[in-house]
Amino acid sequence: EDGKKKKEKESKSDKFFSFLMKCLETAGITFSSIAILGVAGIAYHKFYASHVLSKMNEAFENGDPAAQLAMHKKTHAIAGDLPEDAFWVDRPQQKLLDDIISGKKVGSYYLVVGEKGTGKTSLILEAMKKVGGENVTVFDAHADPEIFRIRLGASLNFTFNEDYIGSLFSIRGPRDTTALLDIERAFSKLEELAMLRVAKIHRPLVMIINNAHLIKENEEGIKLLELLQQKAESLSGSGLLTIIFNSDDYWVYEKLKKLGTRLEVVNVRDFNRAETISALKFIRHRYFPLPKDQLTNEHCHQVYDLIGGRPQHITHVARHADIIKACHEIIDREKTWFLNQCGLLGSDMDDDVMEEGKFSVSAMLLMKEFVDMDRERMNTLITHKVKSGHVTTKNHADYRDHHLPELPLWRSRQIMTRSDYIQQYDNLNIFTIDSDSRVRADSVPMMRAFHEICSQPNFKQLLDDSIQRVADVEALERTREIVAKDLNLGSNYQLSKDEVVYEVGIVKSQKHVELHGEFGDGIGDDDDDIDDEDDEELYMEDVDRRATRKWWKRRMAGFDMTYL
């Protein structure tokens, strides 16, 4: 019995020990699994962070991750017998942008500003091509912050942790956040990469934000621009990153100037006469390599006289067989665009479209001021002639460059009597505002359109009628009227109370007195005494499309013969 009891105790202790060992084994397995999972998670996290930096580093190596250079068609290598760089325009801004993008200039960020079509993007991509895209990334801005986020990620080769496996075990979604927070995260990773690369190559990274004016000027867009400027200020000051903003519109400069301490502005303007001739011959040879299709200096001067030195227009004209016709079409297109956006509605303007009427009147007032300034100084917009003996000859050496009339921004607002419309005109490429807050016509073709509109018969009357109609409608909204029934001009009402007699009558305004005289000046009150004349239609340009061709011939004459 004692043996049996002893065996039972031993069996119980063995079972307990076996149970305890199994528990320890299970605990060990569980702990080991958790430890391995933790180590694996930490290792994956470290690997993922390193992988993100490695992918982002590839965006700044030689290449073109955003495919911007591939879309840059301009090249110095041209076919034919023309030597390389023979007619290439060496613009003063090119050397500065070359130094910025190559990393020679450190400590600032830049705003490249100029009118649409002046060649800002071409200058930037040309400088980027010289370094082979190394250390540089570029992308186009967008009005939607979500699309801006995606384009920023594509240029940096950054996926915003959307491919992070750890998000599979998270209750929240892979991107339960906003676009601005994602952009902040992207710049945080970029800062880490910049510290590593700058330590090796001793040059800052360069980020180019193209078409920055496409960011909307609303609360969300201003927050985005402020975020970008904060990063530009801090990273440029530390020599890690140089950001280049490329914009067509003035409002971007206006916003950046408020907080900008390291901001530098690069102005890109139109070609002068000599640069236009060089560019025309260069582009013409690319599309028409035969000698018979080449342009003479005379043709190039005529093109510059008509449309100025806007690279966008020059490229368009050089591709056409009839370059003079192409110039006239550009001017006609600019005039049509302006009239479609700001055409006057006259005295019959409906009161429901008062805002459009004010918008048009303000634009026409500023346009008329520029035309008057240009006519007073007699700017040579077309062929300048000098007399040699008894023969009038063309001396292109005496030709001057285009200098469009301009006004300070504050004065332009005074003329328009509105301060809020000028930004919309800038967005519509009607007027432009430069970094010195000077306002002028957007281009030479637009200035020519201004002259032709002001040269229309009865234009001043149409403008005065529109101004008067706006004033009348505003007066009706501000005043209350008392209607006196059957009270004609020259008649009186007699009101009596307590033997006190009051007389009420109608008095002509000073304007009517000057036009028609007093009641007893022989001007009859009956409508039959006034000769009714058919109202003449007032137009801002000829309605018949064929009649617009008359301007083509007039534009080729002297300035005083064309518009005065």
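Cβ from N, Cα, C; glycine included.
Annotations in TrEMBL come from automatic prediction, not curation.
Sequence annotations record features per position, and here TrEMBL assigns domain 'Orc1-like AAA ATPase' to 95-234. For the domain 'Orc1-like AAA ATPase' (95-234), DSSP puts the residue distribution at 77 helix, 16 strand, 47 coil.
Taken from TrEMBL, the feature domain 'AAA protein C-terminal winged helix' applies to 340-474. Mean pLDDT for the domain 'AAA protein C-terminal winged helix' (340-474) in this predicted model: 82.
According to TrEMBL, the feature transmembrane segment maps to 20-44.
Residues of the domain 'AAA protein C-terminal winged helix' (340-474) grouped by DSSP class, helix first, strand second and coil last, total 77 helix, 18 strand, 40 coil.
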